[in-house]
């Protein structure tokens, strides 16, 4: 009985964790390149979820088209946010772009609340036939399978882009050393825009998948998920792409297991507890490189 | 004259001014941590809540005098500041910010789960002890204290850590020790501010002390101008009054507020008074006047 429960919760944890991982990738890539905690990333994810909802309810499209549409809406949005709110501040103090990001986040939350006409949640319709697959002791729902497959596909695609394409090489060079990369003829502004675009596409897809999984979305959904995904990025080692995936899945499992073990009222604190523990013992996260102190 | 007295005694204006004073104390505490010592803290609201709850519980259960409870609230917050600071102030920059953010969320969730704090329903029945006079006496004491701290050997050590930690270390300053002391002082002011808040609102809810509140206080300090006491005061005044002045736009209020944050940062990335030193400015004006006077004297 215990083991059956354990495996089931593990599957649920990995499902939740892979949605965190999808969003965490956006945080980690942006941080890796311009050392900015992009607090507006959670709102990009929220807008992705709303785009998906509009697509399936108003235009009655297939959920795959909805996911694609969410990605296509989020990409220009994130590029616009970077242009307007972060690029003018790239050479100023560390806190200025952070405050600017928070401003964007408040702006977008309010904007969607106004358009929607109130902060209360909207139901996400059931867009795919829900059948339950049984594999040994574990039961998968269709949405869970879809999330796991989509998340792995997107992550493999991302890993491929970063490792084997020209722009991926430019991304790695820029995150290694921004100044030197620009001296080597890399158009760093294009790399930054591209990074925001990739992160936003993943977050948009994540938004629709989470909407389908929990059947409910609201204008402030980006705050809590954004913070937790950000924790995931830091736990894994911020700036590291495999780290974000690992951290996301790790925190997803921790949260689901914690709730199953009876700490459900502490649900929102589990991710942060792990974050602090990991940072105290390994200050740069599980897969992060040590920080060098330079004089 | 009568209109002026009416404005001064209008309960709504008095309430707004009192709340501004309360948050100013918290902002000045964060000014010491972020502005003077250069350490990020994204969990300042947690220390407000620790001070608020401990002083409120003392008032309700122990019936001790308010001034004692307020100090106890401040000390309790400072104690937790040291407990958090000791392991986490070894981290730098964003990592410290994230740890404090996590701490803030954990404190909020713990207060929701505790029995004695009334949980998510909140803690009511706190007697009203705070008034505008007490708040502004504390504000004045805080500002005076901070000027004394900043112009002392200790304050200069904190500023040295902000400018260059390694250089400060090689000058014989123990950064961790000074950072913890600075953090403890900053969180002490947060606790005092929380105590005043509790005895003003007469009701506490953990939801009031989420990370949004922490960032609001950080906004006050950064938008005013990091490292400047007049900046922190101006930032708090502008930003705590802005939502009141923006009431006429009603539901567009937060939309404008968010856009203003972005615009202010783009046009004044160092804050409203960032890099403005009033003492130096005053001296400059005085010198100019003197030189004009002496020029005039020479002219005769």
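Numbering starts at 1 and runs along the chain as displayed.
Including glycine, each Cβ sits where the backbone N, Cα and C put it.
Unlike curated records, TrEMBL annotations are generated automatically.
Among the ranges A:167-190, A:191-214, the stretch that TrEMBL annotates as transmembrane segment is A:191-214. Annotated range for transmembrane segment in TrEMBL, selecting from A:122-142, A:269-289: A:269-289. Looking at the stretches A:2-19, A:20-37, the one that TrEMBL records under the feature transmembrane segment is A:20-37. Here the transmembrane segment (A:245-263) does not touch the transmembrane segment (A:44-61). Their Cβ atoms form fewer than 3 pairs under 8 Å, with each pair 6 or more residues apart. Among the recorded stretches A:20-37, A:44-61, A:98-115, A:143-162, A:269-289, the one sharing the largest number of Cβ pairs closer than 8 Å with the transmembrane segment (A:191-214) is A:44-61. Remote same-chain residues near the transmembrane segment (A:67-86) are listed as 34, 36, 38, 40-41, 44-45, 47-49, 51-52, 55, 61, 97, 100-101, 103-104, 150, 192-193, 196-197, 199-201, 203-205, 207-209 (criterion: CB distance under 8 Å, separation of at least six residues from the stretch ends).
For the transmembrane segment (A:269-289), the residues of the chain that approach it from at least six positions outside its boundaries are 227-228, 231-232, 234-240, 242-243, 246-247, 250-251, 254-255, 258, 263, judged by C-beta separation under 8 angstroms.
Ranked by the number of CB pairs under 8 Å to the transmembrane segment (A:20-37), the listed stretches A:44-61, A:98-115, A:143-162 are led by A:143-162.
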